[in-house]
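Asks: Here's a structure for you.
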Amino acid sequence: MEDIMTSLLVATSRVVVTISLAYVPVKSAFAAPQNAAGLCSAIAASSIPASRISLPTTGAKIQSATLIGGSDPANQNGEYCKVIGQIKPVDPKAPDIIWQVNLPSVWNGKMLQYGGGGYNGSIPPTTDKTTLGLDVVPTPLTQGYVTFGSDSGHQAPNADDASFAKNDEAMLNYGYMHIKKVLDVAKVLVTERYEKPVTRVYFQGGSTGGREGLTAASRWPESYDGILTNYPTANFVGLRLWGAGLARAVYDDKSAGWIPPKLVERISKEALKSCDGLDGVEDGLVGNMQQCRAQSAVLVQSLACKSDVTGNPDDCLTQAQIERTLKIYHEGYSLPYQLANGINTYPGYNSLEGIMMQLGSEPQMRTPPVSGPNAHHSSRSFEFLQNFVQRDQPLNLLSFDIREPGKLKDRIVELSDVIGATRTDWSTFSDRGGKIIWLQGNDDPSVSPLGNAKLFESIVAKMGADKVKGFMRFFLVPGLAHGGGRFSPTWDNLAALDNWVEHDVPPSNPVVVDATKSSTKGRSRPLCEYPSWPKYKGDGDVAIASSFSCADD
């Protein structure tokens, strides 16, 4: 497998050299002054040669270009040309990259790329608001941004399907290549449509889309000016290994580690009851997470079975559940080898601090595992190990040892660089004025908040706190899960990023509004720069951000 991947990467570098030497500016097929409808129609009849895409392809084709009228009752984004097309692969067996570019008739000179989710497989909603953006703020497209995104180079019925990764080109596209290929295509369309230069390029997304944003800025720092990244799967391979380790902890030895849903819910409620007031107010949110984690051992002891119980009781925790499942869920794991950028740990989750562990409704693991009935991470970890790592050989998830993966170790380490955003030196991006706003939820059950906090700390250790503060802001948000949660922070994040890039005005404890569909909808809190957290001042309306200050004690 490594030889195949290396061959493709070598071929990639050769094609890039050939493209750069052979590049000849292509005369526009649709640049003549026309009205918006005429320009959009001209795009439909065009194509983009491989020479205008900086990574290996066989060119891009336009599938359709449709002018969406500003008076269309189904359109709230103003008049724009909706362009859909394909980037054709080098390998004829690889899937196309399906993309969408939205060209507003009134353009502000800026572009916004949208990231995907899970294993992708479909185009993200490029006409919608940003991830965690305010509903009352006009969409980026309405504001005049060219918005665009892609399926990352394969088509799938859902974001859990990773079968595409058995093809090297499709796997590399998913890992990082689709990001730049689609940007290049979008820039060609922008140049030809408007005949004036792009002033700014931004990227926004959450989860996989958050990882893609960090990847974009770290791999092509000269191409991006600002990134909005939310709960990114930055250590993608580390997360997938954690899911495999969790599966063994839960389902090995006749599922001795499986915790029934009733007990999972009780753990969450007891933790919240114990920790809710540590930030000065009982509001359903745990702000002082550090102190809460310090109390976790007491919580476990209070829920432990009083006698040597076996099986999976729903009223107390057995030793197997404590020593296996809770240990890896709460503390994570360490490896005797290093992934990309020297990482050999994956910290756990706030599983004893109020989040709902996702351990599935069934005590036995299905073959293959399925999210919902089985632990959430087990299914995506199986998909990763089967399709990215093992590929053609059947995989037994419960026999896979993340610490001793044998002959698969080199492949795992290699993939951690291909599909990951854990680099710690951002000097090139920061030196040219690039900015990053990064949100991570403390209640996230899918991406470890401790892991992303540790990555941020590594960036600070590498570059120095003052330099990092000049281009990156990292906010840990109480109550935010993997999107949604007990507190869903929404704000005009694109305006905050643009203001920082354009005017060098960084976001300073910005106010976010809870969009959770519950009785608490509309309450506000300050975003606090890590490691600080929102602490109630002791008086004032608990639903208003001004009643809180950012504390780190």
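Every residue gets a Cβ built from N, Cα and C, even glycine.
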Asks: What does Swiss-Prot give as the disulfide partner of Cys292, choosing from Cys275, Cys305?
Replies: Cys275
Asks: Among Cys275, Val281, Cys292, Cys528, Cys550, the recorded positions in question, whose Cβ has the most other Cβ atoms within 10 Å in this structure?
Replies: Cys275
Asks: Can you tell which of Asp276, Asp279, Asp283, Asp444 has the least company, meaning the fewest other C-beta atoms within 10 angstroms of its C-beta, among these recorded positions?
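Replies: Minimum Cβ neighbour count within 10 Å, taken over the recorded positions Asp276, Asp279, Asp283, Asp444, occurs at Asp276.
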Asks: Other residues near the Ca(2+) site, CB within 8 A of the CB centroid of Asp276, Asp279, Val281, Asp283, Leu285?
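Replies: The surrounding set, listed in chain order, is Gly277, Leu278, Gly280, Glu282, Gly284, Val286, Gly287, Pro478, Tyr536, Val542.
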Asks: Report, in whole Å, the straight Cα-to-Cα distance of Asp283 (Ca(2+) binding site) from Cys275 (disulfide bond).
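Replies: Between the Cα atoms of Cys275 (disulfide bond) and Asp283 (Ca(2+) binding site), the distance comes to 11 Å.
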Asks: What are the sequence-distant neighbours of Ser207 (active site, acyl-ester intermediate), meaning same chain, six or more residues apart, C-beta distance under 8 angstroms?
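Replies: The list for Ser207 (active site, acyl-ester intermediate) reads Gly117, Gly118, Asn230, Tyr231, Pro232, Thr233, Ser446, Val447, His482, Gly483, given in order along the sequence.
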